[in-house]
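Annotated domain 'Ig-like' per TrEMBL: 29-120, 136-211, 229-315, 320-404, 410-499, 501-587, in sequence order. The annotation domain 'Fibronectin type-III' is assigned in TrEMBL to 600-698, 703-798, 803-897, 902-993. Annotated region 'Disordered' per TrEMBL: 684-714, in sequence order. What TrEMBL records for 1-20 is signal peptide.
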Amino acid sequence: MRLLWKQFLLLSIMEYLTECLDYKSFHGPKWRMEPSDLMAPVGLPEEEATLTCDAKGLPSPQYRWSLNGTLIDLRADQRRRLSGGNLVIRSLERAQDAGIYQCTAFNLVGAILSRRASLQFAYLNFKTQTRSAVSVREGQGVVLLCGTPTYAGDLSFAWVFNEYPYFVQQDNRRFVSQETGNLYIAKVEPSDVGNYTCVVVNRITKGKVLSSPTPLVLRTDGAMGEYEPKIEVHFPDMVPAAKGSVVTLECFALGNPVPEITWRRANGVPFPSKVKMKNSNVVLEIPSFQQEDAGGYECVAENKMGKNTVKGRLSFHAKPQWVQTMRDSALSIEERLFWECKANGKPKPSYSWLRNGELLATEDRIQIENGALTIASVNLSDAGMYQCVAENKHGIIYFSAELVVLASPPDFSRSPLRALLKAKAGSAVSMACKPQAYPTAISTWRKGNEVLQSTERTSLLPDGTLRIINVTKMDGGNYTCLARNQFGTASTTGRLLVTDPTRITQGPVDMEIIVGESIVLPCQIACDPALDVSFSWAFNGQLLSKLDPHYEHVGGSAAGDLMIRNIQLKHAGKYVCVVDTDVESLSAAAILIVKGPPGAPDGVTVEEITDSTAQLSWRPGQDNGSPIISYIVQTKTAFTVGWQAVNTVPEVIDGNTLTATVVDLNAWVEYEFRVLARNSVGVGEPSPASLKTRTEDAVPDTAPANVGGGGGSKSELVITWEPVPEELQNGDGFGYIIAMRPLGELTWTHAVTSAPGRYVYRNESIPPFSPFNIKVGAYNVKGQGPFSPVTTVFSAEEEPSGVPGGVWAQSISASEFEVSWQTLSDSPERVLGYEVVYWEDDTKPETMGKVRVPANQYTVNISGLKGYTQYFLTVSAFNTAGTGPRTPTINVTTKKSPPGQPPLNVEWNLIGSKLTVHWDPVVTMEMESEVTGYQVSYRRNRHREINTVTTNLTSVEIVLPADDDYTIQICALSDGGEGIPTEPINIHKLSMSVRGSRAWRPATIPLSLLFIIALTAMRPTL
């Protein structure tokens, strides 16, 4: 009966935990913020003190506080209240509020304690009384006492000399100790005489008190002699120091002369770089004190009269610090719990354990030993918050962890059997039976109604898994797993379907392909219709992306063919078709070799160079699937457009040769070289260019071309040639040698110039237009090159001296006049032609024009002129030396402009082949030429030939011989030329008898024409 009662109680607790405390939804408190030590000023009743306490948890934690181990009753306390988890204390009272505080956070899961925090009160009291004068001799040392204040909190000391704010400046002779507050003067000087006041400041309260002034006077019985150092300020024999703290040691001595202070370690080890010396070495500061800083320290004060030493030791201590902690645990009921925590510290810490804030003691199931907690068989009452506590005399630390004890019947809601499990025949099948159950459930299996036992092919594994090997169609059916523990039973059922194996009927095969082509890699299968099938492809171990435009999956439901479009070299490699079904995964692989033009050669180097050859070497690039057949060498200079092929030795460079000699180079030219490789696919990319290399210089080997000349001024021989291109100059210091001699003589005259293309030889003895033999050569710093072939060049001739006669001009139209003259038949100088210069006005040089004609021509028409304008003109003969004297100026006036409007009211009549056209006469303006007649132009459609008919009448008859459409235009004729024509008139031969008219309407009628028309209309009334 007692056992049944316990089981009923356990089930009730289990149901409550299942409904209300799902261990994944609820958790105990975890600290986010714990209280810290506070120092509050005394005597400020309006001040509040806040001790922080904040934890997370679900449900949200609640809080309580204790002071010096006693729970604070916040309901009955008027000065203390909670703000969240923080404890707020107002109207602070030193007697009631000072002490050690601790916060407890708790919820339904459990409770935890915070670290301990102290609240202290800072104050400063100083009794002042009149002080007697201190009388010392000059050179004597002195100590001025500050006095002993009563206080709490850190203090700082300073001394005022005579009056505030003149503070004593510390140096190697004067020192204010922050340990005693006293002022030490190693050697008194007359300037030290005065009143000294000690100033004490509480760093917490910022309060300040001053002692009574202490007068310092000099005795009159003489100065103090020299004496050895006497150490007045020194550290104790043993100084305890906490880990991480800043340790300060003071050492100051009186003496005459003023002593020098030095420090050393007793073990002789040098000070680390972090150690600082301050105030003329009087203060030794060790920041972040560590174990290795502990040991003996010595201060030595020395002057010429002697030295004195004090010694002491720094001892290391540290509060506990965690090195190993535990984690939250969720255990099934009756499982074993083992937690261990470790901390280091000095002295070595001791350990204790708390459960929900209460001290945990050893009992039958619970063992505590050296920071280790063991619970042999957990039950529901063990659930809650645990804390490991490590403590030594310098501090105490806590670490929390949550223990969840689980108890429930089997539950398959999170891990049921698959409703349908497919497996291929001949494979092995595993069906896991893993209900959520605490403690672990015992499992049995059934197929249909048959209870399964382990056989040669069937295994029931200890974790409840059913395993069947070499499955057959007969193994298909429904399988049920039944799970049981002391809290109940549950079952789950699934169906096993055994399918036929899948086969790849056609897979990809190894292939070779040329860059740019497209292929299809097949992947076709035969499979059981009950299976779901998917295809994927991998390339060199990486799954192919469907976004790559080169790849496309093609084929039906039973095929996963892969099309590769526009294949590139990067597509060479291993392709694997992967076929995934519900029960298996198959694959088939093929190697795709992509052939392309060779890769670029590399490392093109000029090994040796002469004035016309370069020895090259290079490294081969990738052959890209096809052996390299040959190499091509190209070169580029500053004088070529792009890269050019060059001659090499050997002439054909086979694929196994990695050197060649480039020949037929120009001397003294900077070359770049590159190499291309060829294989059966084509020519590959070029190599990077070699470094620019200049060929050696050489004597010029190219003579100037197109030597000629002539012209120039009197007594000059002008010689011209085509300059030698820079790339053919073969070296520095390039220039030209001009050789000349009169025709028929043997002796050559030489001249040298660096100017390209032209040389003028001047000599008063040169007769005009005299023939000379000329040849031009080239030279540079290496020597003289070849000369050009000899050619004949004439010296400069004189301008014609004769003046053309019989100059006459007449106007032809409004824009053209004709000029004629008599040629010079007996001129002693050569005449190449005649030049006509004409202009409107001497004051308008921009109106000047010039026309030249050959010597056999004695007339010229000048066009493009303004209408009804007077022009002036002269004529002169010219040759290569210039123009001769000009004729006297004559003038000519162009005719008025032609009519500015077309004929109006054009009418036409076509009967058979005869076209009759009528129009109104054209009325000219004052500045226009009178109408002398009319011209009718006509042409057949789609023909270019234009026919014209001229008449003095305002009508015309034209015979149109062909049955075709025509276009006609009419314009007025005048001395000034043709007037503006009518718009084209289209004549359509649709019948043998047609009439038509065209009333011309100009887009813009000149204002002057409108005036004339209006005046004409008014004449009858006048």
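Using the three backbone atoms N, Cα and C, a Cβ is placed for every residue, glycine included.
TrEMBL: automatically predicted annotations, no manual curation.
Applying DSSP to the domain 'Fibronectin type-III' (803-897) sorts its residues as follows: 3 helix, 50 strand, 42 coil. Among the recorded stretches 136-211, 501-587, 600-698, the one sharing the largest number of Cβ pairs closer than 8 Å with the domain 'Ig-like' (229-315) is 136-211. In this chain, the domain 'Ig-like' (29-120) lies close to the domain 'Ig-like' (320-404): three or more C-beta pairs between them fall below 8 angstroms, excluding pairs fewer than 6 positions apart.
For the domain 'Fibronectin type-III' (600-698), the DSSP-based tally of helix, strand and coil residues reads 0 helix, 46 strand, 53 coil. Residue counts for the domain 'Fibronectin type-III' (902-993) under DSSP, split into helix (H, G, I), strand (E, B) and coil, are 0 helix, 47 strand, 45 coil. For the domain 'Ig-like' (320-404), the DSSP-based tally of helix, strand and coil residues reads 3 helix, 53 strand, 29 coil. Helix first, then strand, then coil: DSSP counts for the domain 'Ig-like' (410-499) stand at 3 helix, 48 strand, 39 coil.
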